[in-house]
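As recorded in Swiss-Prot, the features of this protein are as follows:
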type	residues	note
REGION	1-152	region 'Disordered'
COILED	13-66	coiled coil
COMPBIAS	23-60	compositional bias 'Acidic residues'
COMPBIAS	83-99	compositional bias 'Basic and acidic residues'
COILED	110-135	coiled coil
COMPBIAS	112-127	compositional bias 'Acidic residues'
MOTIF	167-195	motif 'Q motif'
DOMAIN	198-372	domain 'Helicase ATP-binding'
BINDING	A211, I212, T213, G214, S215, G216, K217, T218	ATP binding site
DOMAIN	402-546	domain 'Helicase C-terminal'
COILED	563-591	coiled coil
REGION	611-789	region 'Disordered'
COMPBIAS	628-637	compositional bias 'Basic and acidic residues'
COILED	628-677	coiled coil
COMPBIAS	638-656	compositional bias 'Basic residues'
COMPBIAS	665-678	compositional bias 'Acidic residues'
COMPBIAS	691-701	compositional bias 'Basic and acidic residues'
COMPBIAS	718-734	compositional bias 'Basic and acidic residues'
COMPBIAS	743-761	compositional bias 'Basic and acidic residues'
COMPBIAS	772-789	compositional bias 'Basic residues'
Amino acid sequence: MPSSFFFEDASDDELELIRNQEDSSEEDVKEGEAEEHEAGEDEDGEEEYEEEDDDEEEEDEKRKRDADAQSPWDFASYSSSVGEEHARRHTTSIDEKISKAIQHRPVPISINEEEEEEEEEEDASDAETDKQEEYLSEDDEAAEYKPEDATPKPFFSTVDGVSFHADTFMELNLSRPLLRACETLGYKKPTPIQAACIPLALTGRDLCASAITGSGKTAAFALPTLERLLFRPKRVFATRVLILTPTRELAVQIHSMIQNLAQFTDIKCGLIVGGLSVREQEVVLRSMPDIVVATPGRMIDHLRNSMSVDLDDLAVLILDEADRLLQTGFATEITELVRLCPKRRQTMLFSATMTEEVKELVKLSLNKPLRLSADPSARRPPGLTEEVVRIRRTREANQEAVLLSLCTRTFKSKVIIFSGTKQAAHRLKILFGLAGLKAAELHGNLTQAQRLDSLELFRKQEVDFLIATDVAARGLDIIGVQTVINYACPREIDSYVHRVGRTARAGREGYAVTFVTDSDRSLLKVIAKKVGSKLKSRVIPEQSIVKWSQIIDEMEDQYSAVISAERDERALRKAEMEFAKAENMLEHRDEIYARPKRTWFMTEKEKKLVAQAEKDSAGNPAGGELVSADRAEDLKMKEKRKREREKNLPRKKRRKLEAAREMLEDNEGEEEEEDEEGDEKRGRSRGKDKKKQETDKKGLTLKDLGYMRAKAVKAKQRAIDSGKMERPKPDKKQSRSKPRNQPRGEEMKDLFKSDMGEKKQGRGGAAAAAKPRTKSKNSFKSKARYKRR
């Protein structure tokens, strides 16, 4: 059977058990259908006597039930943990601080009256506000935009005969427990990417799939994986599937969806992400879950330090949002995880913006992968309406007023606002709260529980606006999002596609509004040409912008009060943490020092190089040349070759190098602080001067010094041989040894003549030198006469 590609053949007892489970589940499905049919007949009989108002209410309730049934995830368990977290830390939420600031210094903001005035103004200025001009004409778009070649690269296998159409999930050879789960979640007809991927994934082929946002890519890899796990050897507990994602929220969503799809099976799934308890995750990994959904960093941490999991039995590796995982920052971690995985495995890559570069794919050791692209002609959702709001150079300071005017006039609920930075997201959250608008924030400065709580509040529609960074741009399936506002214009094409993909999902309609400054205008044109979308311009009344600018100026004092309260609370929290740490060290000193030190697969220097490469890559605008992951990989290989050369050194030299390196690592923190202070005083130096300053501060190791001297000697010798440099002349000041014109004895006599007597001086005269020297008679006497006879 194809589904047992990597697993042992199931025994007869196991197959019989699975058949019994499927038969029972089929009976349950039939019984449920019969009950629904009977209930439907009763309702049909009663509907004849009901009023029209009751029918509308029932339809609304039915829509709500359908929306709830299709929701793939639920973060309600984290809402209570946020309150416990604030109680444990003795802190208050940002909403409490905002309400307190409003009570102490209220500002007269009458949004309702303002809306009434604006509605009266809209009638007079309809020609201005509703006038929308195409940002790109159709002729320009047809001439300048050229769709990418859909032919597969030689690296990929051919996909002849692959069908992107299926009427029901039963046509995809799925078991009854999975069909029952799909029916419970409200999945009736497979999407094109699901119809193409599920049959191929069941055969164990490597896949590289892409489709538009909201097309059901998660179910496309989750359903075939669960189908294969139904036929696993159940007596052998092991982790057989690893799913990697770039963000924690996406990992939590995938974990929740897999649990819903596997609710009628015995398959276990574990969640391993940062921000949650490490000890609890170790317990989960020791139980050997069949599927692990993780972020790369935390998974490597457990593999190296917890000793509670290994990847020896891994059969399937899945990379969701693969293009982001293969970029700088994640590439080294993904390469390390792939190195730890068995070579005989199935690898699947999924993303809405999959690149055709094969360098990164080759690193993953893919085996003749299939390149699948559903809806290649539709580069964006068909129900998406894209608009731009131009921010003039003289009005860039009023961008917040433009946003508030837009959110109070046109888009009043189910809106995601991408702020660009964490600081901007937090400021907008406070301003929205002071203006009386219900909003939640989502960015990296929040704890993991707070981030998940914000998503849950927005999903339940308890707040109307979600102000987020690009953390929420990828993969999150939030049903009912009507509008996406790019408060900060995206710098890359992929970022724009993923941001606007949060709305108009699964055939629904949605709006995407982008704020464009003069510096972003040319960039957005490039994005529009390559994505293939037609952007239209929206004009906001000047009077509304001026009014909100005045309101924001009046709210600055309240904003400062909230920021001051947060700063004081943060300082108090830091002092409490330091006190608790010192107390814990005194109480559990021996236990803490007995723990092994946590390790990482990269040194501190390599971490800094990768971080710098990621920063350079993020700083380049879209359309420019991005810094690839090869730079970080080359730097890592250079360091590896240096370490290999060090191993061949003598033992004493090697020990000296290790000692020097340890001293440098210990003093890194102090040196960084000195560097920052120096940069603030003197300004940042560039090029060779900066390298020279860093070298002078940090010093050189013996190895580096030896390399530099050897290079200098070789360069000098090459210059002399080529004639570029004259051979150095000997130094005249250097003392030379004089040739000896007299014997050694005469020389010594001349030196010590004053200390010698006349008799000794006479022995060495000219006559003595001319007369041949003869032995004295008494110079040697034989001792033979003294011998015994």
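Cβ atoms here come from the backbone N, Cα and C positions, even for glycine.
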- Note on the structure: Across the compositional bias 'Basic residues' (638-656), DSSP labelling yields 16 helix, 0 strand, 3 coil
- Query: Excluding the flanking five residues on each side, which residues at least 6 beyond the ends of the compositional bias 'Basic and acidic residues' (83-99) place their CB within less than 8 Å of a CB in that stretch?
  - Reply: 429-430, 433-434, 441, 447, 449-450, 558, 562, 565-566, 569, 572-573, 576
- Query: Which three-state DSSP class does K217 (ATP binding site) fall into?
  - Reply: helix
- Across the whole of the coiled coil (628-677), what does the mean pLDDT come to? Round it, please. 67
- For the recorded ATP site formed by A211, I212, T213, G214, S215, G216, K217, T218, which further same-chain residues have Cβ atoms within 8 Å of the site's Cβ center? T191, I193, A220, A352, R505
- Note on the structure: Same chain, |i - j| six or more, Cβ under 8 Å of T213 (ATP binding site); the result in sequence order is A352, P381, V497, H498, V500, G501, R502, R505
- Note on the structure: Note: in the chain of G214 (ATP binding site), residues six or more apart in sequence with C-beta under 8 angstroms of its C-beta are P381, D477, G501, A504, R505, A506
